Amino acid sequence: MSSPDTPVCASPQQMEMYNSHFYTCALFFNLLIAFTSMTLIIMAIRKLLTESIINTSTRMFLIVGLLCCSLHQTAYIVLRVQVIFQILFKLDQPCKLYYKAYDCKYVTFSLVAGNTGMIFIQSAMTIDRILTTVFTNLWPKLKYWPGVILSSFMIGCNFTNVQFIFWNDPLTDYVPTCGQFPPKSVGRFQKFLEIALYMSLAHMVINVIILYINVVQDRRQRLVSTHDQSQSFDVNQRFQSRVALKSTQAIFFLSMSQFLSCFLYTIFTKLYLTLQPDMTPLQSGLTLALTYTTPYACIAIPSLIMVTLTFIRNQRHRSINALRSQTETGDQYMQKIKKIWDK
């Protein structure tokens, strides 16, 4: 970093980082992780679009969350390709290795928007589960509208938040890579990281409560199906109860993973920003390249979504088979009553 309008030459310590084979290997490893995550994101989105085993709004939230991942990973790929290009073709020009922060704004904004977007979409999923639990019969009938409205609102919140983080920052400093956070915006970014951690913790607590409520509702429906084998047994209500429970379990599981991702990202970023001044450029570069958590989260989240969808599908098949058995038992019971009446 440097003062405005003054081009910066890389220091000998900076050149040590660029010439390090370990650092170069770490950059290619980052690219491998990023391209792998993009492949998994595409697979997960395709699975969400083709398998309607969870409600439409939940699928929409998951897709928007994956798009936030892809936004981050696209910017991350551009960032890593820039550094690799510097290493391969510009090491003989040490005074042309730094970037003006303004020229990096789209990459930096995309990295931040991808991270914060995943947090805001987590809020949308939590709100959706609350309303689904409160309005058990009404909410599923709204189909995709809750997803459209809540996703649009959270995207707006995310855009506003990113603008606030970089508010009044002229972006005139020079940075060694486009992943380097502009110094005038670091304070607001760290403040948001603290808020994001509390948000994720609140999501976890709320989802635990919702999961408990859905378990109670499902047990009540089971009790009805066990003691009422007549035509008054509402198969649709029983099925909706099971779907709500399994969807809540799935969202709870995904929220757990996202909470862990947010927690690790927050802790890592705060530690990194605190310790970075005492690190050499090589130590700082290797630490960021190997332990930055978001690329790993963007591999884990689509993988968990695909595993969870498979789990829900299998559970739904079991629930349908169980309900069919219960319906047949009820029909047999009514046939017995009819035979007795005809005698």
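Glycine residues also receive a Cβ, built from the backbone N, Cα and C atoms like all the rest.
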Per Swiss-Prot, Pro12 shares membrane side with Arg318: no
Outside the transmembrane segment (193-213), six or more residues from its ends: residues with CB under 8 Å to it: 116, 119, 122-123, 126, 129-130, 133, 248-249, 251-252, 255-256, 258-259, 262-263, 265-266, 269-270
Other parts of the chain folded back onto the topological domain 'Extracellular' (269-291), taken as Cβ under 8 Å at six or more residues beyond its ends: 11, 13-14, 16-17, 20, 22-23, 26-27, 29-30, 176, 179, 181, 186, 190, 193
Candidate ranges 61-81, 107-127, 147-167 - greatest C-beta contact count to the transmembrane segment (292-312) (under 8 angstroms): 61-81
